[in-house]
Amino acid sequence: MTQPVRRQPFTATITGSPRIGPRRELKRATEGYWAGRTSRSELEAVAATLRRDTWSALAAAGLDSVPVNTFSYYDQMLDTAVLLGALPPRVSPVSDGLDRYFAAARGTDQIAPLEMTKWFDTNYHYLVPEIGPSTTFTLHPGKVLAELKEALGQGIPARPVIIGPITFLLLSKAVDGAGAPIERLEELVPVYSELLSLLADGGAQWVQFDEPALVTDLSPDAPALAEAVYTALCSVSNRPAIYVATYFGDPGAALPALARTPVEAIGVDLVAGADTSVAGVPELAGKTLVAGVVDGRNVWRTDLEAALGTLATLLGSAATVAVSTSCSTLHVPYSLEPETDLDDALRSWLAFGAEKVREVVVLARALRDGHDAVADEIASSRAAIASRKRDPRLHNGQIRARIEAIVASGAHRGNAAQRRASQDARLHLPPLPTTTIGSYPQTSAIRVARAALRAGEIDEAEYVRRMRQEITEVIALQERLGLDVLVHGEPERNDMVQYFAEQLAGFFATQNGWVQSYGSRCVRPPILYGDVSRPRAMTVEWITYAQSLTDKPVKGMLTGPVTILAWSFVRDDQPLADTANQVALAIRDETVDLQSAGIAVIQVDEPALRELLPLRRADQAEYLRWAVGAFRLATSGVSDATQIHTHLCYSEFGEVIGAIADLDADVTSIEAARSHMEVLDDLNAIGFANGVGPGVYDIHSPRVPSAEEMADSLRAALRAVPAERLWVNPDCGLKTRNVDEVTASLHNMVAAAREVRAG
């Protein structure tokens, strides 16, 4: 049997780190490059500074193994596709490597981008590599070798991080009639083997292969494949020590399978699924067990005493127990330091990225030097945990009693056919009605007004006047274009979740808590720390103003309870189902107020419905039960004549298709443009009988599709959905596009609808 490589074991590390910059420097630099305002050299200088500062901070904090190659201009799966020579042939005409990379990510006028979808059950999106018959895997290691050299040149104990071959293929997509990508696994082993030798030659002592797919049910053969692949990779004579990282759940049978290979280290997520039973895997003896006891996905301070108890149970099960985050800190903000508005109690409960690194170092020190060496830190942790438990903001008996009463009486609407008849009589819409999802471009005037209000340069009345002017222009634009159901454009909203969080009790909105959603898109998730309630109406004033400007229906726009949870940092001291119902009650009250104000169409967005779906099938039914229940609680307070819409994002919908039907929304809009309407076959198969709008163009690309292209998409949709139930819309909100792109695209979309209506 191949023997493990003997390298100095590490004791304190993290799985990965963010790359956007503490002040979103990379976002600004890449967007400047795309717009032609920033040169290549300026972009690369920003990237180099971010890498250097990140590595230096991690090493200075006390990590004895620092992840590198976690920097990305856009996405780590796209980086891996470049590494393996697996970019789609359609980007080959772009001669420049960086521009070719961005063409695959964003598309161009002539090139469609790669499909985008959620990274497991997180709010990060990855680009889906396409594996076709012509795909030939070849190694292109320039990026990882250059970053390794950079880090070693700084004296950093660098550990390159690379998506592992099993995860890469299981998350890729077959195209052009090719078989399942995982069938190509044997072809990847020589490429990864070559990479190992080059990394060793470049000075790498350790390499990390990320294999989160091993905690899922994506392939029943994954454990056996992992054993075979990593046994083969360990046979490379000239290689670094190999650390295989699993995260986002329990690796189950994959853990002993990996442990039977000669890999030197295995990482487990002890926050999201794995437990101390991993200590019972005898093959771990002689290896490093990397224990993910510090939560890399949520913002709550680690209970150091509990974590040390877990670590104590693991000691002796492996040659070394190293302390780590449960996953990359990509998913949490950089640091608590800029959050000057936090009250002392709430601050004491939290840990962002920098604080989590310190927690890792403290725990590793406790293992090395004994608990007395970190007695002050343990006492501080104990006090914070106790403070949180007794804070009165965490329990509102009145809200809990209302939820119990509504759930007991049944949160359901009337018969769908009766609702449709009532809504048709009220709305008088044409066949194939056109609409948009909600948001319109956030113009410079909007951003200036928001900044001026925040700085105290204008008062609330002036801010409202400016936002009303934006709404007036958006309504006028939609009427000129000929859309049938309008939206107010959401100029007053900084984010579809944060806007509501700022108005709901039980939330705290951060000042600088940015995390990457995809590419240059950053979000600032609010912190849901206590029981949720709605002190006052949140949207009625804006929507009724918009409705006063037109005779066409204007949609009320709300975010659904599951999405608010998915895109927030949620309290971890009670079941998610209970928290979802509290948010749902607040949304329910808002829908009733909108209806009372005369709004006939209300959209309750659930783009993240699938995002919280547990990775193991055995756990999914219970989640879908309470997620659907929360949506129905939020939407069942209105009459049959009020049309409820919902919107769903970036998903492999087949896994939740029954739940989509169970939501019982009158109209469901779905992101289907990048996946070529595939979801409609799934809906058709289950007899989905309500309205559906399967996104006729992809708003995440600057490309403006032609009217004929969208008409073709509509004709394809009509093969699965009858005309009386088909809606015409973009596949998502338009906030991230500019006005010219939106105007041209919507003009073509309306023209496409008219062409198809005319037959």
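Every residue, even glycine, has its Cβ placed from backbone N, Cα and C.
The shown structure was predicted, so the numbers you read here are calculated from the model rather than taken from an experiment.
Region 'Disordered' is the annotation Swiss-Prot gives to one range among 1-22, 419-440, and that range is 1-22. Just one of Asp593, Asp605, Asp619 is listed by Swiss-Prot for the same L-methionine site as Ile437, Gly438, Ser439, Glu490, and that one is Asp605. When Swiss-Prot records His647, Cys649, Cys732 as binding Zn(2+), the matching candidate from Glu671, Glu724, Glu741 it lists for that site is Glu671. Listed by Swiss-Prot as binding 5-methyltetrahydropteroyltri-L-glutamate are Arg24, Glu25, Leu26, Lys27, Lys118, Arg521, Cys522, Trp567; the candidate from Glu150, Glu479, Glu606, Glu611 that the record includes in that site is Glu611. Cys649 (Zn(2+) binding site) has Asp605 as its nearest neighbour among the binding-site residues Leu26, Cys522, Asp605, going by CA to CA distance. Cys732 (Zn(2+) binding site) is 6 Å away from Ile437 (L-homocysteine binding site) when you measure Cα to Cα. Within 8 Å of the centroid of the Cβ atoms of Ile437, Gly438, Ser439, Glu490, Asp605, where the record puts L-homocysteine, the same chain has further Cβ atoms from Thr436, Val487, Met496, Met557, Gln603, His647, Gly733, Leu734, Lys735. With all protein chains in the displayed structure included, the most crowded Cβ environment within 10 Å among the binding-site residues Arg24, Lys118, His647 is that of His647. Each residue contributes its Cα atom, and for Glu490 (L-homocysteine binding site) and Lys118 (5-methyltetrahydropteroyltri-L-glutamate binding site) these two points are 24 Å apart.
Counted within 10 Å of its Cβ, the other Cβ atoms near His700 (active site, proton donor) come to 23, all protein chains included.
Measuring Cα to Cα from Gly438 (L-homocysteine binding site), the binding-site residues that fall within 10 Å are Cys732, out of Lys118, Cys522, Cys732.
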